[in-house]
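Pulled from Swiss-Prot:
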type: BINDING; residues: Cys38, Cys39, Cys104, Cys133; note: [4Fe-4S] cluster binding site
type: COMPBIAS; residues: 197-206; note: compositional bias 'Acidic residues'
type: REGION; residues: 172-213; note: region 'Disordered'
Amino acid sequence: MAGSSGTNGQGFFTTRVDTFLNWARSNSLMPMPMGLACCAIEMMGFAGPKYDSARFGSEAMRFSPRQADLMIVAGWCSYKMSHAIRRVWDQMGDPKWCIAMGACASTGGMHRCYGVVQGVDNFLPVDVYISGCPPRPESVLHALMDIQEKIRNEYSVVQDYEFGKARERAPIMPENTNRFPGQLEKPKTSTLTLEAPDADDAEEASTPEPVAA
């Protein structure tokens, strides 16, 4: 609350509602671990006692979207799995934030093929990207601090309740704007469709044309 609060010499602080609530929310984040591949091992290390994520109030991993407000997507994501992740994201209450952990979650990484989504920002509004393959637990701590800074400086609980800004955060889907949120474009395949000819067409084709002498 530094910079926005101050003592008046009588033993109490004067501050704004936004500043106080954002300070409390930033120090009590409840991560939702979405471990999809090898980056999840490093996320387990981040949650262990060595790195002491309890200093930031985020030591309690929540495996229920109803109790979480921070999703950490760790690993590459297939098109089939993206629908399940989007449903879990929609079940999380506002306000909520998202971290794309690792190169695969951020850009698809080395899995540049038809079955892998090239970055989870195709169906989720990502707030912080973490590079690396896999990233170290220290990088996850740094991303968590970036989320805390974003909450303190950018989120406004007054605007959220008055104007509903949190619900305006639509998924980034530039090529699929006319689709239901979370529904991705299926890989395009070249198919050849053969249609059976009609009976009249078959009869005409079987009748030889007269040849002039």
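Glycine is no exception: its Cβ is also placed from the backbone N, Cα and C atoms.
Shown here: features listed in Swiss-Prot, placed on the structure.
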residue	record	Cβ contacts under 8 Å, 6 or more apart
Cys38	[4Fe-4S] cluster binding site	Gly75, Pro134
Cys39	[4Fe-4S] cluster binding site	Ala74, Gly75, Met101, Gly102, Cys104, Ala105, Pro134, Pro135
Cys133	[4Fe-4S] cluster binding site	Gly102, Ala103, Cys104, Gly109, Met110
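What surrounds the [4Fe-4S] cluster site, by Cβ distance within 8 Å of the Cβ centroid and not counting Cys38, Cys39, Cys104, Cys133, is the set Ala37, Ala74, Gly75, Trp76, Met101, Gly102, Ala103, Ala105, Gly109, Gly132, Pro134, Pro135 from the same chain.
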